[in-house]
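Over in Swiss-Prot, the protein carries these features:
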type	residues	note
BINDING	Cys17, Cys20, Cys35, Cys38	Zn(2+) binding site
Amino acid sequence: MQIKLEPRKNFGHKEGCVRCGRKRGLVRRYGIRMCRQCFRETANQIGFRKYS
């Protein structure tokens, strides 16, 4: 008996950070598509504010 293996689906998460290309820790909310490190560095320039 042979089992047929199918390739895993990627679900569209193959794109990395638009700034550095990292694929882990992505912030995709609001269409930002940045890793969390790049988001922390550029959040003020984008228009996000830190409250505390």
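Quick reminder: no glycine exception, Cβ is built from N, Cα and C everywhere.
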For the Zn(2+) site (Cys17, Cys20, Cys35, Cys38), what does the 8 A shell look like? I mean other same-chain residues with CB within 8 A of the CB centroid.
Gly16, Val18, Arg19, Gly21, Arg22, Leu26, Met34, Arg36, Gln37, Phe39
Sparsest Cβ surroundings (other CB atoms within 10 Å) among the binding-site residues Cys20, Cys38:
Cys20
State the count of C-beta atoms found within 10 angstroms of the C-beta of Cys35 (Zn(2+) binding site), not counting that atom itself.
21
Going by DSSP, is Cys38 (Zn(2+) binding site) part of a helix, a strand, or coil?
helix
Within 10 Å of the Cβ of Cys17 (Zn(2+) binding site), how many other Cβ atoms can you find? Include all protein chains, please.
20
